[in-house]
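Inspection log for the structure reproduced underneath, given as structure tokens.
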Amino acid sequence: MPSNLDPHVLVIFGASGDLAQRKLVPAVFELFRGGYLPEKFALLGASRTDFTDEAFRNKVIFENEHFKSDGAKEEEIKAFSEKLFYQDLATYDGEKDIKALADRLKKLDKELGVGRNYIFYLSTPPKLYSTIPAALAKAGLNNNQDAWARLIVEKPFGYNEQSAIKLNREIQEHFPENTIYRIDHYLGKETVQNLLVTRFANGFFEPLWNRNYVQSVQITAAETVGVGSRGGYYDESGAMRDMVQNHLLQVLAHVAMEPPIRADAPSIRNEKLKLFQSLRPITKKDVKTHVVRGQYTEGITSEGKEVAYRDSPGVPEKSKTETYVAMKFFIDNWRWAGVPFFVRTGKCLPLKLTEVVITFKNPPQAIFAEYDDYAMSCDNQLIIRIQPDEGMALEFGMKVPGEGFRVKNVDMDFFYRDLTKNDVPEAYTRLLLDCMKGEPTLYARGDSVEAAWAFVDPILEAWEKDEVPLYSYPAGSWGPLQADALWSGGLGNGWRNPTSSLTDRKHYTKQ
Ligand SMILES: NC(=O)C1=CN([C@@H]2O[C@H](COP(=O)(O)OP(=O)(O)OC[C@H]3O[C@@H](n4cnc5c(N)ncnc54)[C@H](OP(=O)(O)O)[C@@H]3O)[C@@H](O)[C@H]2O)C=CC1
Ligand SMILES: O=C1O[C@H](COP(=O)(O)O)[C@@H](O)[C@H](O)[C@H]1O
């Protein structure tokens, strides 16, 4: 089927960098292979490195170890490479440079008929996120008559609420909000989108999805890797800015928001904003009891021996940056009043996995309690595995055959791999396609990014003032033990620390 996308040019600023090579160009190739790209399409890389078109094609395609696609034919790869071009810049925002870029775009249109619709992808260091749009506007590239111009902005979007507000204002001066696509690759994950389908395409979850039946909600995003060579970036960021403010709060919004009136961008984004606005602020005084931060020391992970975070390249010797965060908070609305939410993420943990666990309340009377270990073994939980082993498991108690009423937990499970034989598309592939279509639902809106920062800012401020301890944990462990105390006061069984499989349920940090 021919593509129904408008002809356009995707301009990637920072095209010589890691993201372009590892994620963006391979994602565009998948769209090309799938027949999604319009016939009239070009990808124009732009950065300061001195490449010719050919050298750029070699770097991001022919010599790119990340550019592999099962069953891709040589002719396909060659045909794709012919759609790639490169413009070198002395600076990213100089008048002369952007004029040269504009001339190149005109030339591409003249030679290939790719038209004047543009996507500008900011894959540069964040300090350029406001100056490039201003330079594009000066050259009139933000506002082509009879054509569209869209801007994709990478993370991090701001450093705190104030800087995010400032960045929004600066970009919005040149690009209207409906042309700004703030990327959060977690929103491109099929399983994160499936949270909405699970909740809103099925009748039976909704009556249970509230304070009357839910005891607690926990979200874990664990990584086995350390900071590797990203120490310079990571030490300025830390787990709260790198994972919680964006990815994990977006997952939370999908789990907890009210039903949108339609499955379109304004409806879904309005509900997410409302959800962020309903988060009960963790005031500075509460940070100690609601949030635990940690930093890994040396240890053994599934990746091998890991040096301490402070000994990683680019990390200062006395760094106080957190590589682990665990937090407890509440959502002040009718649906969730009184239900504790727990979120944690960390580097150098035992497993790479992201999952959401909804724990339902026990029945009002434990009539089988006299039969041995009922109280310990019966958990009513819905475990939603975002990655890997994507799927869901519903756990509940059943009678063990034989005398009496011994109850044992069993599970019903579903694995994404049983739903489709096709590979689940990479997040960047889906997100780029959506931007090409002009579909912003899976991108973050400016106001909700600000609201997410407003929630995490007091915590970051308390940390900066060193008002709460930074605990250490050995690489390869589940993080500081102090995180278990967040569950004290009868809030539940604690963190689910699975081994590997979705249906492994024997590892709770009991209180
Ligand atoms: N890599 C990843 O996995 C992820 C990256 N991101 C975000 O995407 C953006 C790009 O990431 P990534 O490709 O890893 O970054 P890189 O550090 O590789 O930078 C991209 C390009 O920007 C240019 N650049 C680097 N430093 C400077 C500087 N000080 N001033 C001007 N230009 C500079 C370089 O190109 P040249 O010298 O040729 O101009 C470089 O190739 C970043 O904002 C990052 O936060 C977000 C999520 C994941
Ligand atoms: O944005 C980021 O995400 C990755 C984790 O992404 P995932 O898709 O592999 O779960 C994280 O490693 C990185 O530090 C962060 O910048």
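Cβ atoms are placed via backbone N, Cα and C, with glycine included.
Please treat TrEMBL annotations as automatic predictions, because they have not gone through curation.
Among the candidates D242, D311, D379, the one that TrEMBL lists alongside H185, K189, E223, K347, K352 as binding substrate is D242.
Per-residue confidence over the domain 'Glucose-6-phosphate dehydrogenase C-terminal' (196-488) averages 94 (mean pLDDT, predicted model). The binding-site residues under consideration are E223, D242. Their Cβ neighbour counts within 10 Å are lowest for E223. Of the candidate recorded positions, R48, K155, H247, the one lying closest to K189 (substrate binding site) when CA atoms are compared is H247. Taking the recorded positions R48, K155, K189, H247, K352 in turn and counting surrounding C-beta atoms within 10 angstroms, the largest count is reached at K189.
Neighbour density around each Cβ, counted as other Cβ atoms within 10 Å, peaks among the binding-site residues H185, K347 at K347. Taken over all pairs of the listed substrate-binding residues (H185, K189, E223, D242, K347, K352), the Cα spread reaches a maximum of 20 Å, rounded to the nearest whole number.
Under DSSP, H185 (substrate binding site) is assigned to a helix (H, G or I) in the three-state scheme.
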